[in-house]
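Here is what TrEMBL says about this protein:
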type     : residues  : note
DOMAIN   : B:28-219  : domain 'Heme-copper oxidase subunit III family profile'
TRANSMEM : B:31-54   : transmembrane segment
TRANSMEM : B:66-87   : transmembrane segment
TRANSMEM : B:99-117  : transmembrane segment
TRANSMEM : B:154-181 : transmembrane segment
TRANSMEM : B:193-217 : transmembrane segment
Amino acid sequence: MNYLNAGYGLKSWLLTLDHKRVAWLYFISITGFFFLGGAAATLVRLELITPAGDLLSSDAYNQMFSLHGIVMVWFFLIPSIPATMGNFLLPLMLGARDMAFPRLNLMSWYVFILGGAFTLTAVIAGGIDTGWTFYTPYSTMFSNGAVLAAATGVFIVGFSSILTGINFIVTTHKMRAPGLTWFRLPLFVWAQYATSLIMVLATPVLSITLVLLGVERAFGIGIFDPALGGDPILFEHLFWFYSHPAVYIMLLPAMGVVSEVIACFAHKRIFGYKVMAFSILAIALFGFLVWGHHMFVSGQSIYAGVAFSLLSFLVSVPSALKIFNWLATLYKGHIRFDAPMLFALSFIGLFLIGGLTGVFVATLALDIQMHDTYFVVAHFHYIMVGGMVSAYMAGLHFWWPKITGRLYPEMWARVSAIIVFAGFNLTFFPQFILGWAGMPRRYHAYAEEFQLLNVFSSAGAGMLAVGYLLPLLYLLWSLRYGARAGGNPWDARGLEWTVASPPPKETFATVPRVDSEAYAYDTPQ
Amino acid sequence: MTRPNNQTTVIVAHQFETLEQQFDADLLGMWLFLVTEALLFSGAFLALAVYYHQYYDTFSAAARELHWLLAGFNSVILLTSGLAVALAEQAADQHRRRLTLWWLSATIALGVAFLGLKGYEYYMEYRAGLVPFLDQPFAFSGPDPHNAMLFYNFYFAITGLHALHMIIGLMVLLVMLVLTYRWREGARVARQVRIAGLYWAFVDIVWVLVYCSLYLLGR
């Protein structure tokens, strides 16, 4: 009797209070959103094969990249690791029976779906063409799209992350098993904790910003309206006060996953555990102080620009510490190149490139040249797709045997990891060169001389599509035909590997006692 | 068929070990939620502060049109409701059902009175032509009516948001009233009233900020 066969009816899933089943609800819904956002990206890349704007009208193109951004950011990247693996694993890693608030947990999924419904309505009812940033005054006064429905959807989905964040923080504080001190927690838990802090502290600011935007658009209660003396730049400040930390909502959980995977497949204690834990918190903290680097060319004061530039450099310090520590963990490890490890290693390489180019665009003077070019597009895709999605895939493969009780086909998974890595670089590396050469983003037609690199980029996108569709197929296949996984197929350490796969409905019959650190790979389990 | 009549029997939710753990977790959850609420209001207050700095004279003149005395009296009503809910928490803690019911009802009555007076204030502003949206004629007589519109936009947005929180709070208190009336389990009711009271106290405190930063500008 495990949590999967404890009940089969639709009701047993839709009204479940079991965190493991809520994780599944999220898995299914965000996978849907991922492929919806991916379809929009496919249309964008198809359009960009030729310099002329021939496949899509310029309006349709604007709607496609807006849809891609909104869906990928709010309906895939933000919930991705916390809502799925976080939900599934946090109580397991803490030795708790469930989240502190199981009902709230289920509710956060319904709120998520409600927000998704609003956003999908926006797509059907005329689309939205503001980009994912909803900049005023375009969004409030000029856009003909369904801005209100989309903004409402994003507003609602914000509450889903707030509820998840509150639940994670309280669970981590109050539900740890006896003996599980803060510095015995796996880094995955630290990462979820820091992410939740950002969710709780940043998301409400986005909510109020969208409320102000919404009342301005719906009732003409102008707050950002220049005709009344309102300041559209204020909207940008408020928006990025959330949306820059949101980058770390996406990234920190990925770092947590990679730490678990690297330690397991190097079969070594993670190097510099405390530095890793504190650098997670440092990134979360610094993330709140750098929003102005999105606005270097908006007309904010030059002194603000200088300060934001310097503070942005600061983020690279804890990030680099993490990279060095992962490399040091690999040093003299017994490395196995299973699929999760391949994805985790791609994360390190791609995140490194994304991070270093981040230093370029954080440089005040250089950003004047780079701003709104494909260089920026390439930079943040290296972080979000190369970094975050690779880590998501790493975690998905790593914990798949735990979640489902089945092994995925290893060979196919390795093939997929390699295709994703190659396809990703083929898609986005040319965009660095394009941006450097001056190709602006968000245009659906471009100058002839940019065509070759754009063709490379679109070809790479095709490879990426294959790389992401493959896991969908073989993971579904493995649900039925995969070999049965034992409790601990990777010889990994951690409380989640001490229970059966899939875990029983009541994960821990008796609450475990913890008397050792995380990553005790030097002692036999 | 015997009903458990032992009042000390307490049921701990399945994910918790002890009642203390559950109480601590619930309380921490509410505090965190209040942090998010504070940040929600902070965005609006920040924007108001920026514009107040920019249009000091206009905003001060516009603020003087508000009914600060009436709103001040209203503040007293709301703060008194805060006292009532604190007393309800205490009564629930001592497992005194009747007294808890009485103080909860008092809280709700005072909250409704506050909303009623607030509505009357809105009505007076509507009559005075100070509603700058929904195609209403805007009859502000002071200098720079355009930027004054911005002030009234803030006034209605922030007090409206606060009123929305009041309505949610009142609904929560009504649920508490029902739960207290049923009185299934003393410790549980005390915990729930305590947490609902925390929310109500927050709504009170936000009002103090709203009052100071809108009504008292330029006075």
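The backbone N, Cα and C atoms fix where each Cβ goes, and this holds for glycine too.
Per-residue pLDDT, averaged along the domain 'Heme-copper oxidase subunit III family profile' (B:28-219), amounts to 93 for this model. Residues 103-104, 106-107, 110-111, 113-114, 117-118, 120-121, 124-125, 155, 173, 196-197, 200-201, 204, 207-208, 211, 214-216, 219 of the same chain lie 6+ residues outside the transmembrane segment (B:66-87) yet bring a C-beta within less than 8 angstroms of a C-beta in it.
With a cut-off of 8 Å between Cβ atoms, the residues of this chain six or more beyond the transmembrane segment (B:193-217) that come close are 26-27, 30-31, 33-34, 37-38, 41, 45, 48-49, 52, 59-60, 63, 66, 68, 71-72, 75, 78-79, 81-82, 85-86, 88-89, 92-93, 100, 104, 107, 111, 154-155, 158-159, 162, 165-166, 169, 172-173, 175-176, 180. Below 8 angstroms of C-beta separation, residues 70, 73-74, 77-78, 80-81, 84-85, 87-88, 91-92, 163, 166-167, 169-170, 173-174, 176-177, 180-181, 189, 193, 200 of the same chain, each at least six residues beyond the ends of the transmembrane segment (B:99-117), sit close to that stretch.
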